[in-house]
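Taken from Swiss-Prot as is:
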type: REGION; residues: 1-28; note: region 'Disordered'
type: COMPBIAS; residues: 14-28; note: compositional bias 'Low complexity'
type: DOMAIN; residues: 36-84; note: domain 'F-box'
type: REPEAT; residues: 118-145; note: repeat 'LRR 1'
type: REPEAT; residues: 196-221; note: repeat 'LRR 2'
type: REPEAT; residues: 295-320; note: repeat 'LRR 3'
type: REPEAT; residues: 350-375; note: repeat 'LRR 4'
type: REPEAT; residues: 413-439; note: repeat 'LRR 5'
């Protein structure tokens, strides 16, 4: 650092000065060099850990800093070649220079289109990269395979080091089939995620039989699977399924599952056995509405049946579309099951289209202690259009409750008022008396002046019980009562 007299004599040139956090001092180039040297003095393990969080192409650029940095990247614990990745020949050269005997994570996105990179990947390229990662006993493997007619190599199905496997075959018209022609042995695998693939009942059974300690399974837009039977996987406790229109599975047998996230589609998925379930997140999608006709009768039946299978769940999350269909079911007088939920999360904007369903769920949850309201869109950004719900109501001679219809009419984030949120909270307090805590996560939904107004309104709400209300807006939380 310069002496104090020199610091105060002239103002340093902006091109060579960076202001530090102190108001009275500045960082000169010599100071920055010293700071840089301090970083370079860190142990290799620390530097490699830092670089492992960067895309590999950026980590390699640190090699020009000094001799000390020249080979640090080549011993990092992970390699990542994603969207802005280099060509296959360049990747091969990088792998040739990689020296770490053990790899924690390998992530690669293949590209079969010449527009993406100068030379599209060949199947041989992809096979060699997978083989390289396996030769370093990789634990977390993520493959984004935007390829046509690519078959997973048989050697991938036999591996004892993999703990997490992520396979995404790209959103193409014709999905790639995951069809192991050999036995599967993933003896250390705990988390398996499959995106955009064809997988039959037989194939998933073969895969599961080779994963004795699998704990988590994710299926996103998977076809061909009819019955997902997890009864022989006692350690598999977390399941996430997102189904598109007319996609599978259609039956779920999962007696050991404790946590379920199911985003259903127009085609039903029967929950045959989910008897151990303690947490569930449920919603439906609206990918295909033909001739402006919403199959609301079918959806109402489906959501009520799903709710019945989750009667014993202690933590329940319901999405916007799910609540819209529950509201229609309530208007038609459909019987709702009694719920044992102690914590309920509502992921929906506040509107007349969900109020009836919310009130009925609250009335049927006598053990509820905590309610979280998180205004957000529907699952997968495919909300059921409200004009289709209006058409359905008109055709069946149904009407919303007049008081709720006017008070909760607006659904747009731009139109929401603090009074509307306060009225909703008041409705909740009037509906259920067992609540101990209400958390309203309003980030991005109501802010600025309206949020301040809401904070002033909430303490004035009438209530018959001692319930705390927490309002959250972006980074700040306010316990107002």
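Cβ atoms here come from the backbone N, Cα and C positions, even for glycine.
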DSSP helix/strand/coil residue counts for the repeat 'LRR 3' (295-320) = 15 helix, 5 strand, 6 coil
For the repeat 'LRR 2' (196-221), residues assigned helix / strand / coil by DSSP = 9 helix, 9 strand, 8 coil
Message = Looking at the repeat 'LRR 4' (350-375) alone, can you tell me the average pLDDT?
response = 95
Ask   = For the repeat 'LRR 5' (413-439), what does DSSP give as the number of helix, strand and coil residues?
value = 14 helix, 3 strand, 10 coil
